[in-house]
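**Q** Here it is, the structure in full.
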Amino acid sequence: MSWQQRINAALNERRAADAFRRRVAVEHGAGRWLQRDGERWLNFSSNDYLGLSQHPQAVAAWQEGAARYGVGSGGSGHVSGYTVAHQQLEASLAEWLGYPRALLFISGFAANQAVIAALAGKDDRLVADRLSHASLLEAASLSPAQLRRFTHNDVSHLQRLLATAPDGQQLAITEGIFSMDGDAAPLAAIHEATRTSGAWLMVDDAHGIGVTGAQGRGSCDAQNVRPELLVVTFGKAFGQSGAAVLCSDTVADYLLQFARHLIYSTAMPPAQAVALRAALEIIRSDDGQQRRETLASHIRAFRRGARTLGLTLTDSQSAIQPLIVGENDQALALAQRLREQGCWVTAIRPPTVPAGTARLRLTLTAAHQGQDIERLLEVLHGARQ
Ligand SMILES: *Cc1c(COP(=O)(O)O)cnc(C)c1O
């Protein structure tokens with residue numbers, strides 16, 4: 001097959017399976033409303049869990065940062081792009097999360113790729129939860145290290161896989177809160193298993209940071225665990241983008257030598273680092289605490305209401321509340337009916353989730369009001385008739 005034939009065949013296959021992906025350009029997609037073509041919907045598909053993407057202090061900090069530093073960093077952090085704004089944000093993150101060091105990355109995807117590529121060699125073994133995010137599994141499958149996957153949240157399966165040592169080292173990989181299911185990993189038991197076998201643990205807490213734990217310190221804090229490598233991202237509760245890896249001094253020094261996503265890529269704009277520090281301050285403040293409480297009360301109200309309606313919920317206690325539908329066409333049709341009733345939800349289909357588990361991934365945020373959750377339940381009730 002020529003390139004063109006191969007591309008056409010791949011696209012046709014996606015179309016035939018109701019799995020063709022399209023983007024929609026919106027006028028506004030974060031916060032309480034999604035706005036498009038002058039119309040608006042209640043937004044149940046953003047990861048802006050605390051509503052901070054629209055927070056006046058975060059917006060002002062970005063503006064002030066741009067006025068002071070300009071809009072770009074001008075280079076890789078290894079050349080001239082690492083400013084005092086980046087340094088201060090790293091120091092604040094390290095102090096907040098109780099690690100010696102934090103290193104900033106431009107995205108969670110880049111951080112996960114960089115860490116796994118820099119650490120794992122051909123004699124090593126990566127042992128990842130089967131439902132880990134694509135950025136982790138992709139990095140692991142591109143790595144020369146052996147990749148084994150353990151059954152989702154199954155600590156005894158993890159233990160069995162770790163029990164036979166490879167020639168090199170082992171790194172266990174999981175998430176704090178799973179992105180498509182919303183459930184939490186048993187981090188204490190997982191860390192115990194890795195420690196016993198001499199493996200290291202890497203936790204990606206994209207969906208826990210800012211939202212759970214004291215001061216929003218995340219899933220590890222909530223479960224009193226300190227993995228050797230903690231990845232936090234700023235595209236969710238922080239309401240912006242970017243990521244950081246929290247680690248020891250020596251691991252940070254090692255990543256600065258060998259993490260190619262850091263060395264060969266332009267540092268995030270310093271203004272963004274200023275805005276991220278403002279978001280961190282909000283997260284740690286009473287304002288952040290109130291937002292977490294608002295979100296928690298929306299989650300409780302949604303789960304209570306959904307149970308009353310007889311909807312099947314997962315055991316997620318997080319802002320991610322999936323309704324598993326099954327087939328792609330059913331999930332798309334249900335999402336469409338909800339949109340017709342003013343609620344914007346996204347159908348998530350394979351390969352993002354396992355085949356036969358197409359779902360609506362509903363996300364609740366502190367930007368919602370109590371009546372929004374009631375409206376969602378009412379519309380779900382009607383759409384499922
Ligand atoms: C969103 C997400 C990422 C990617 O982070 P970005 O900063 O958006 O690139 C990584 N891991 C998990 C678990 C995520 O949900």
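Each residue, glycine too, has its Cβ placed from N, Cα and C.
Feature table excerpt (TrEMBL):
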type	residues	note
BINDING	R21, H133, T352	substrate binding site
BINDING	G108, F109, S179, H207, T233	pyridoxal 5'-phosphate binding site
DOMAIN	40-380	domain 'Aminotransferase class I/classII large'
MOD_RES	K236	N6-(pyridoxal phosphate)lysine
**Q** Would you list the other residues of this chain near pyridoxal 5'-phosphate - those whose C-beta lies within 8 angstroms of the C-beta centroid of G108, F109, S179, H207, T233 - in sequence order?
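**A** Along the chain, the qualifying residues are H133, S135, D204, A206, V231, G235, K236, A243.
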**Q** With the Cβ under 6 Å from ligand 1 as the test, give me the qualifying entries from the binding-site residues R21, G108, F109, H133, S179, T352.
**A** G108, F109, H133, S179
**Q** Per 10 Å Cβ neighbour count, which of the binding-site residues S179, T233 ranks highest?
**A** T233
**Q** What is the total of other Cβ atoms whose distance to the Cβ of F109 (pyridoxal 5'-phosphate binding site) is within 10 Å?
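**A** Result for F109 (pyridoxal 5'-phosphate binding site): 19 neighbouring Cβ atoms inside 10 Å.
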